[in-house]
Amino acid sequence: MTAPSQVLKIRRPDDWHLHLRDGDMLKTVMPYTSEIYGRAIVMPNLAPPVTTVEAAVAYRQRILDAVPAGHNFTPLMTCYLTDSLDPNELERGFNEGVFTAAKLYPANATTNSSHGVTSIDAIMPVLERMEKIGMPLLVHGEVTHADIDIFDREAHFIESVMEPLRQRLTALKVVFEHITTKDAADYVRDGNERLAATITPQHLMFNRNHMLVGGVRPHLYCLPILKRNIHQQALRELVASGFNRVFLGTDSAPHARHRKESSCGCAGCFNAPTALGSYATVFEEMNALQHFEAFCSVNGPQFYGLPVNDTFIELVREEQQVAESIALTDDTLVPFLAGETVRWSVKQ
């Protein structure tokens, strides 16, 4: 990586956690990812969810159809785990190169997760098969019991689900997605080479005060929810340390404005247009730009056993204003940091 003060040249990054949606929304958001990233792990929580090889093949084609000419982008598809999923279907998809990984959503933990897993025991045959074939498990790490406070769901998940699971299936590769707490940062750092994590730009840049003090900011509302400053700092320190089992996963999750600015608003930040520059800003603030390229472009492929991208992109350090909104067919989409001035952006 070469890093004169105003330009950062890095190997083309990948996004290891992305929501592209479907239909018109997919067509609108796709270019913001495909112009920057070489690959992305695409979340399967459509309605209905992606639970079969055929559904994944069809969705992959819709994604490719939405990629503009001139963009070189590969979607990496995932299977949505359910209590009734057939392990043979999962293995077939993995062997045919359709499924890169499988996603565990605890039932009702986040958007379109009502079909999710009710207990680890319910899917143990599937998880045992994944361990056997070397297929990574991607985990939304929150418990959903009504008596557990929303700010404590991730820490409880580590203790009650993640650690028992990893003790039981010691060879299973696990990505603890969008970690948000010091508990998770410590857990991943202290884990073995079969455990990795992704972190979003919003959880590195903000804490719950930013979302709640002086008025509710619905466009910072995502799940897992922003936590206390102590947790934000732990995440920043983890990425700044150069730790090699944490990597870029934006969790970019678009919702139309009326679904965010609502009496019961949806969870998710549409950060695809601004994520890479946001990460660069954090690494610069932490005096850790020497680790930026690995976080964006190397650590993820290394964990997944994939080659790194062979093309490069440049970020330029000059102030730019983020658009207030992006047009949809019948509404608008508000990007992460809308209307704000950002320090780093991708050189066009």
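Cβ coordinates come from backbone N, Cα and C, glycine included.
Among the candidates Lys103, Lys227, the residue that Swiss-Prot names alongside His140, His178 for the Zn(2+) 2 site is Lys103.
Same-site candidate for Zn(2+) 1 binding, as annotated by Swiss-Prot with His17, His19, Lys103, chosen from Asp186, Asp190, Asp251, Asp310: Asp251.
Swiss-Prot names His19, Leu20, Arg21, His140, Leu223, His255, Ala267 as substrate ligands; from the candidate set Asn45, Asn192, Asn299, the record adds Asn45 to that same site.
Counting every protein chain shown, the Cβ of His140 (substrate binding site) has 25 other Cβ atoms within 10 Å. Taking a C-beta cut-off of under 8 angstroms and a sequence separation of 6 or more, Leu20 (substrate binding site) has the following same-chain neighbours: Leu26, Val29, Met30, Thr33, Ala40, Val42, Met43, Ile63, Ala66, Pro75. Of the candidate binding-site residues, Lys103, His178, Asp251, the one lying closest to Arg21 (substrate binding site) when CA atoms are compared is Asp251. Around the Cβ of His17 (Zn(2+) 1 binding site), a 10 Å sphere holds 26 further Cβ atoms from the protein chains shown. When the alpha carbons of Ala267 (substrate binding site) and His17 (Zn(2+) 1 binding site) are compared, the span between them is 15 angstrom. Its Cβ taken as reference, Lys103 (Zn(2+) 1 binding site) is surrounded by 27 other Cβ atoms within 10 Å in the chains shown. His140 (substrate binding site) sits 11 Å from Asp251 (Zn(2+) 1 binding site), taking the Cα positions as reference.
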